[in-house]
Ligand code: AMP
């Protein structure tokens, strides 16, 4: 199973991606987690990414596309994967299309989670208090929501047109949302 999980910050993508990964026995690949790991370990990639992540801006496509390509080439990704947080703009969709064409492994479905603005803000505030992520400042949060609306949300139309979109309500109990996703994916 090769899946994307898309939706605004705070909608529960990471949580649902982890549960789907467990259900299907595939790795959940989060570009945000890869950047955070590299930032924590002060790698060259991390130091470059930090210039953007802390401001709530997207890391340049070239760098982001490369880490995804490298990650999809790893052994544990050969039987499928779920990508969380990628693609985030039209150019990343093109890059992913090219990667998958080259690998000969088409995408199965795109799970889109959504929730009202108020619900998202509440969850983001809770996460900021619990996890203390350095990019959870009010300015960075607002920037990420704006970037999502402008650059990422329109991508849902692309996948809808391709007949791959599965839209799920992200409000409710975690296990009930998971069950709804699995039911639609089959
Ligand atoms: P996330 O955990 O998905 O919210 O990602 C945290 C941060 O990592 C984002 O605010 C971006 O700065 C960066 N990032 C994650 N995924 C991408 C992507 N696909 N393209 C560009 N930047 C990304």
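Each residue, glycine too, has its Cβ placed from N, Cα and C.
It should be emphasised that the depicted structure is a prediction, and the values quoted were computed from it without experimental measurement.
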Record-annotated AMP site (TrEMBL): member among 123, 144, 160 besides 31, 36, 57, 58, 59, 85, 86, 87, 88, 92, 133:
144
Among 71, 127, which residue shares the ATP site with 10, 11, 12, 13, 14, 15, 172 according to TrEMBL?
127
If you check the binding-site residues 12, 14, 15, 59, 133 one by one, which have a CB less than 6 Å away from any atom of ligand 1?
59
Name the residues of the same chain, 6+ apart in sequence, whose Cβ is under 8 Å from the Cβ of residue 59 (AMP binding site)?
35, 48, 49, 52, 53
Among all protein chains shown, how many Cβ atoms are found within 10 Å of the Cβ of residue 15 (ATP binding site), not counting that one?
15
Provide, as an integer number of angstrom, the distance between the C-alpha atoms of residue 13 (ATP binding site) and residue 86 (AMP binding site).
11
Provide the three-state DSSP residue tally for the region 'NMP' (30-59): helix first, then strand, then coil.
20 helix, 1 strand, 9 coil
